[in-house]
């Protein structure tokens, strides 16, 4: 087993990464994003979004996980362009109706924020920026980290179910499959490790990990077999109390906390459960199959939450700039669910 880094070296690395986050030194289309992009055209918009988000997250903390996941799924298909918010049309099925996105929540919430922004500054602020800001503010509102979100994103006009099927990470993916997919977005191994930490406030449907509980191919024939990499006692509890066998299958609509006991708190609980082999998804367990990724997990668990916060913030800043549209690209949608006009 690879020894985790000493806490002092982790602190030094975090400080260096924090400088990178604050500098926001990126190139290409990313470089056209900037802090205070709406300072003249819609002053106060970031405070407006933040105030609305904080007001509602305090009452319904689960909104944070919903917005964070919505932002992640958006950025993985055509970049962070709010294409995940578009409705399907007669011309084609949109991302939001792809199987991986059927459990997404938060669409109505983003629409409410966008309506508020439109009333103040019609046709100025993109849905992509609203979603990026709302996700950041929601995480901060439940006590998680905050990060700088440069703005200036434009909204995409194309949304494809097939592209969502191809581009969104699958819960059954191996470590290599995950790293290969992340690489296509300009995201590295450590981004995979730290962005997975978002599962500390997540929930998973039984259908996304039931193959680890029933009929796992590595443990013999029959339905009464589990993934040997999953803690046996935990697997038994899941089978008996959460994902109950029914008619030869399981209750697909059941949901399970990914960080049991603290799924409304942004903390290190997810990584601690991972090291105990109590992660739900195969794609989470896959992090321990790579020596460097495992060492990173072990190292961060040995430090304070603030170390994880800085690392997560850095990767979120990187994610938020993936394949963004800026300048004359795309459009500024008035209604996040519909393109402004067919010609756009």
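Here, residue 1 is simply the first one shown, and the rest follow in order.
Including glycine, each Cβ sits where the backbone N, Cα and C put it.
Automatic prediction, not curation, is the source of TrEMBL annotations.
Taken verbatim from TrEMBL:
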- 169: substrate binding site (BINDING)
- 200, 259, 267: Ca(2+) 2 binding site (BINDING)
- 42-121: disulfide bond (DISULFID)
- 75-80: disulfide bond (DISULFID)
- 127-336: disulfide bond (DISULFID)
- 206-243: disulfide bond (DISULFID)
- 32-340: domain 'Plant heme peroxidase family profile' (DOMAIN)
- 1-31: signal peptide (SIGNAL)
- 69: site 'Transition state stabilizer' (SITE)
Original post:
Which residues, in sequence order, are found in the same chain with Cβ within 8 Å of the centroid defined by the Cβ atoms of 200, 259, 267 at the Ca(2+) 2 site, excluding those residues themselves?
Top reply: 197, 199, 201, 262, 263, 265, 266, 268, 269, 270, 271
Original post:
For residue 169 (substrate binding site) and residue 69 (site 'Transition state stabilizer'), what Cα-Cα distance in Å is obtained after rounding to a whole number?
Top reply: 12
**OP:** Taking Cα atoms as reference points, rank the disulfide-bonded residues 42, 121, 127, 243 by distance from residue 69 (site 'Transition state stabilizer') and give the first.
**Re:** 127
Original post:
Compared by Cα position, which of the disulfide-bonded residues 42, 121, 206, 243, 336 is the closest one to residue 267 (Ca(2+) 2 binding site)?
Top reply: 206
Subject >> Cα proximity to residue 121 (disulfide bond), best match among recorded positions 80, 200, 336 >> reply: 336
**OP:** Mind giving me a neighbour count for residue 69 (site 'Transition state stabilizer')? Other Cβ atoms within 10 Å of its Cβ, every protein chain shown.
**Re:** 21
Original post:
If you count the C-beta atoms lying within 10 Å of each candidate's C-beta, which of the disulfide-bonded residues 42, 75 ends up with the smallest number?
Top reply: 42
Original post:
Mean pLDDT for the domain 'Plant heme peroxidase family profile' (32-340), as a whole number?
Top reply: 94
Original post:
Could you give the Cα-Cα distance between residue 80 (disulfide bond) and residue 127 (disulfide bond), in whole Å?
Top reply: 10
**OP:** Would you count the other CB atoms within 10 A of the CB of residue 169 (substrate binding site), including those on all shown protein chains?
**Re:** 19
**OP:** Compare the Cα of residue 206 (disulfide bond) against each of the recorded positions 42, 75, 127, 200, 259 and report the nearest.
**Re:** 259
Subject >> Count of other CB atoms lying within 10 Å of the CB belonging to residue 243 (disulfide bond) >> reply: 26
Original post:
Given the recorded positions 42, 127, 243, 259, which lie close to residue 75 (disulfide bond), meaning Cα to Cα within 10 A?
Top reply: none
Original post:
What is the one among the binding-site residues 259, 267 whose Cβ has the most other Cβ atoms less than or equal to 10 Å away?
Top reply: 259
Subject >> In the chain carrying residue 200 (Ca(2+) 2 binding site), residues 6 or more apart in sequence that have Cβ under 8 angstroms from it >> reply: 258, 259, 262, 263, 265, 266, 267, 268, 269, 270, 271
